[in-house]
């Protein structure tokens, strides 16, 4: 083979560089498949299971209860147990309560237990989209209070910076080290699973996909029929879930024959005679799928690759994306340091985490009833309009009913099922505040559809609820959107299934985001769906703590505008009637608009779960966007509602078409 080079040294350097890269790659492949690591995992997992089974109790702690004092108590238990076993003969003198009690502590996704030999074991549970992922272990040795703890062994991925964390944190703040390792593992799993999800959703468009071992550098390309888009992601540190740098480059692959007409040539004409891609829609969708704020994006400009944009009209969402891509941002961490690793393509097929919004898209379609009941939408709309004209509560009640239904067992109308002994979903305390007008709207629409002979018992209650929700949004001034259909009605509805599955008024962004992500919804979806609070009301009991018994000098939540808080106190006096209510939006409570987001900017979010969207730095940018651009809000809301409607869809023998929405067949 002939080498085209003028320098013999350059040839040798190139050969050695390639050889070294291949050698390092081989070492990494061997390290990833090493059997000894699997043996350590199995041994530690067995030891953890034995330790947990021998415990007298397991205590679940919140964030405040997990502190340095508790960690000191755990260390004391470890030392006393070790001393007791080291002593020969009668050990009754050492049988203090600390030794007699064997306690396991659960703090979020961490399980902490005392192991034999003066060791503290931490088991980390990771998850993605609500589905459990791998378990990891870290064992700390605690010889005495005078000596710092050390990492004895662990099953964490070898390419994560565990040693650095031990050197920087463990000696000075052991609790911070334990928490940091948990964040490190969860961030790694999140990045890895996001890449898998993008690969699953855009497998037909993705031509190449590369990543570093800890997924701190990711690059993938999306192929359209006339352009190629490459997206490179960089994460500033190992615990980052959102990238600090996104570089997008797009260039033409080949000129489409369809552009041969004069009109098309004018439409695709760009500067310097370059031919540009028709769209960057795939790139936008990919970024949304990975929950990446568009304003992180910045372009790569090279002599042979020019970032271009479509000259013809595009929708608002695309315009926002393209505008943000063109912005040159000087970010604090322009070139984050990466752990030494070799980029390699993902090898082998792995089972992907279940994601409802990804797996049900093909099961639903907008023309599902075109043969069995072609006029179903007009029938439902007429019934909803009739109900709405008689009572406004129809709108917020139906919208809230749809959300509660989808978030519990999926969009299967199980929320409507009745039980004689009070054990259905609707009987749970979190659902008792659902207004009866929402249930009545669905039942009346079902009756209207079934009165048409060829439609009788053909349309599910779940689909009717989805259509009715779209219609009440439109009737109150919101956007009209097409609804995907084909859901079946669920046969199961239990009060217990509601527990911990619905967002509460006191939740902050972290809890809300965790709950939404478990259903395949991202931060943009969370903020957009919260905009449904632009209509409707709430019972005073849900805000009593914010305006009367908050932990502050004046007993009022400091994130609340003070004048607004005083208005709320007038509308909701102490010990108010349990039926007393106040509007979610103090300005336009019966109009579906973006005033809700402007209220948040002024500290007028009724719930903590509302106002936290503005106090949180990441969510605030979307609040500000929707407050200033009603079209952007409506488009984001429609997208989020479509994704919401895909959660847990029942098909085939999983469900039925109920004859009566309140009863199984």
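Every residue, even glycine, has its Cβ placed from backbone N, Cα and C.
Over in TrEMBL, the protein carries these features:
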- 325-361: region 'Disordered' (REGION)
- 325-340: compositional bias 'Basic and acidic residues' (COMPBIAS)
- 341-361: compositional bias 'Polar residues' (COMPBIAS)
- 363-665: domain 'Plant heme peroxidase family profile' (DOMAIN)
- 400: site 'Transition state stabilizer' (SITE)
- 405, 410, 412, 414, 425: Ca(2+) 1 binding site (BINDING)
- 503: substrate binding site (BINDING)
- 534, 585, 588, 593: Ca(2+) 2 binding site (BINDING)
Non-site residues, in chain order, whose CB comes within 8 A of the mean position of the CB atoms of 534, 585, 588, 593 at Ca(2+) 2: 535, 587, 589, 590, 591, 592, 594, 595, 596
Among 405, 412, which are binding-site residues, the residue with the most C-beta atoms within 10 angstroms of its C-beta: 405
C-alpha spacing of residue 585 (Ca(2+) 2 binding site) relative to residue 410 (Ca(2+) 1 binding site), in angstrom: 28
Top Cα neighbour of residue 400 (site 'Transition state stabilizer') in the set of binding-site residues 414, 425, 503, 585, 593: 503
Env. residues of Ca(2+) 1 site, Cβ within 8 Å of mean position of 405, 410, 412, 414, 425 Cβ: 406, 408, 409, 411, 413, 415, 462, 490, 493, 648
Binding-site residues (410, 503), the one with most neighbouring Cβ atoms at 10 Å: 410
Cβ neighbour count (within 10 Å, all chains shown) around residue 593 (Ca(2+) 2 binding site): 19
Residue 585 (Ca(2+) 2 binding site) versus binding-site residues 405, 412, 414, 503 - nearest by Cα: 503
Binding-site residues clustered about residue 534 (Ca(2+) 2 binding site) [Cα within 10 Å; pool: 405, 412, 414, 503]: none
For residue 503 (substrate binding site): DSSP state (helix, strand, coil): coil
DSSP-derived class (H/G/I helix, E/B strand, else coil) of residue 588 (Ca(2+) 2 binding site): coil
Other CB atoms within 10 A, centred on residue 588 (Ca(2+) 2 binding site): 17
For residue 588 (Ca(2+) 2 binding site), the one of 405, 414, 425 that lies nearest, given that the binding-site residues are compared by Cα: 405
Euclidean distance between Cα atoms of residue 593 (Ca(2+) 2 binding site) and residue 405 (Ca(2+) 1 binding site), Å: 24
Residue from 412, 414, 425, 593 whose C-alpha is spatially nearest that of the residue listed as 'substrate binding site', among the binding-site residues: 425
Local backbone state of residue 534 (Ca(2+) 2 binding site), from DSSP in three classes: helix
